[in-house]
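Enquirer: Once you've had a glance at the structure underneath, I'll fire off some questions.
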Amino acid sequence: MEEEKKGIRGNGKMVEKEKEKSKQHQRGGVRTLPFILANELCDRFASAGFHANMINYLTQQLNMPLVSASNILSNFNGTSSLTPLLGAFIADSFAGRFWTIVVATLIYELGLITITISAILPHFHPPPCPTQLNCEEAKSSQLWILYLALFLTSLGTGGIRSCVVPFSGDQFDMTKKGVQSRKWNLFNWYFFCMGLASLSALTIVVYIQDNMGWGWGLGIPTIAMLISIIAFMLGSPLYKTMKPNGSPFVRLAQVIVAAIKKRNQALPQDPKLLYQNSELDSPISLEGRLLHSDQFRWLDKAAIITEEEAKYPNAQPNLWNLATIHRIEELKCIIRMLPIWASGILLITSSSHQNSFVIIQARTMNRHLSHSFQISPANMSIFNVLTMMIGVILYERLFVPFARRFTKNRAGITCLQRMGVGFVINIIATIVSALVEIKRKKVASKYQLLDNPKAIIPISVFWLVPQYCLHGVAEVFMSVGHLEFLFDQSPESMRSSATALYCIATAIGSFIGTLLVTLVHDYTGKEKSWLPDRNLNRGKLECYYFLVSGIQVINFIYYVICAWFYTYKPLEEISEMNIKEEDLEQVDGNVSFVSLKEGKEDEKREFAKDE
């Protein structure tokens, strides 16, 4: 009787599992994109409206020196790019991506509310200083309000950035076969929506900040973020959600510990003798099983089955002593990706302060479109965003079909080739930036305006457009390619962490950028500093740009070497025609195996009984 009850309970669990699978299969798909992208549009609109003109808020509202303000923004960007590691850990370990996005968006909203209130209330910022000479800087108490707002938005960013792309991917079949069957690229359209939101913010929000004040200028992004929460929650009945399967960082640690414990063991000649357990790995290998590779073979020792472990083949293994090949290959994937990932760090370093400096340049140039209307310095980023948006469409509709004729690659070119092109274009963009700054200072010298930091130099601000456009084209290749590479080559159970890696490269690059600017500012002399605090006309920004260009050239050489020796992850994908599952059941006290019969549309279970 007891045996029958166990059998009924076992069958009940199977039925529940099948129902859950069927329910998840009915969810997801293209119909979820309007809600996810609406959330992303509002989120990016809010963050772009908050960030785009912040250098002017710090230097003109809080009266901070240029280098200090630029460093605060770089450190803030670095922190915002570091917190996705925390967000990925929380999402993959216990919270799941859906709830991580929801809670993180609420935290971001609190940060926006804080800085909006500080902009509205006069005692939260120093008195205005129109001349920008001998200004009263913000007090420490006023800066702490700013730091609190930046901290909350950084914390919220961590949960949003690490989960939105993987959560979007969860709604679709992201296997190689599934990706190739679609005529559109999820990453291209993700960046297009980012660009559309940024473009809206740069035109609407920046204008309001410059002409209607910072209360409304920061209040509108705050309202947009609230709308993003509502839009995302409305789509919750349609989303396909993946249950968290434990921290991937713990699994990586288990492999390393097991390999160290068995470092004196001899590896078998045949890799098939190493430990594999498809049932144990099934929650983290829904798209396919990672195959054994010959790289980093010392890690394979974690899968050696000792005599003691062989005595109990059906027992649950201690994963701190014995790891499966799939889990070992997860760690190998991450190790292989790290050199390519690291190449993005110096790219961020080279451009971490560029937006701040270019806005200060634009402020000194003729920005009039007519006698009565002039554009804001922060509006210049529109050209970067527009180029990126148009570039994404042209890349997918024209470049990919054209390149496919020669490469026979469904994607046109590989992710690594796409990144390489982006590196080259970014180097050209930085050199152009230096040449434009030389031109700007020549005109200032001609009209004897070098000693007047508030003067408008008679040179059109549109001289800055080429560098913005080049950076936009570079982003189409480098940024999209980098994110696609990390998503594609990471283990499927670690995609939130892979997206976090993308953000961490930005974080480290921003911090190194802060160090680089500080060193250049301190060691080029106070009187002849390349990056002066108040008067950019007397600086040598072009020298800084040339320095950055040299760093990028060295970085590109490093990247080419890493890409040349890179090995793609060995994945055996699972298709509906070759799935084989084994379920253990007890029938009349005996263990029977349940298998899925190949070539059938409906699942048929065969039970073997000993009579």
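Positions of Cβ are set from backbone N, Cα and C atoms, glycine also.
TrEMBL annotations: computationally assigned, not manually curated.
As the structure is a computational prediction, the values presented were derived from the model and not from experiment.
Straight from TrEMBL, here's the annotation block:
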- 14-23: compositional bias 'Basic and acidic residues' (COMPBIAS)
- 1-27: region 'Disordered' (REGION)
- 98-124: transmembrane segment (TRANSMEM)
- 144-167: transmembrane segment (TRANSMEM)
- 187-208: transmembrane segment (TRANSMEM)
- 214-234: transmembrane segment (TRANSMEM)
- 373-395: transmembrane segment (TRANSMEM)
- 416-436: transmembrane segment (TRANSMEM)
- 456-478: transmembrane segment (TRANSMEM)
- 499-524: transmembrane segment (TRANSMEM)
- 544-567: transmembrane segment (TRANSMEM)
Enquirer: Taking the transmembrane segment (373-395) as reference, which of 98-124, 144-167, 416-436, 456-478, 499-524 has the most Cβ pairs under 8 angstroms?
Expert: 456-478
Enquirer: Tell me, please, if the transmembrane segment (499-524) and the transmembrane segment (98-124) are in contact, taking contact as 3+ Cβ pairs under 8 Å between residues separated by 6 or more positions?
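Expert: Touching, no - the transmembrane segment (499-524) and the transmembrane segment (98-124) miss the threshold of 3 or more Cβ pairs under 8 Å.
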Enquirer: State, in range form, which of 98-124, 214-234, 456-478 has the highest count of Cβ pairs under 8 Å to the transmembrane segment (187-208).
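Expert: Of the candidates 98-124, 214-234, 456-478, 214-234 scores highest.
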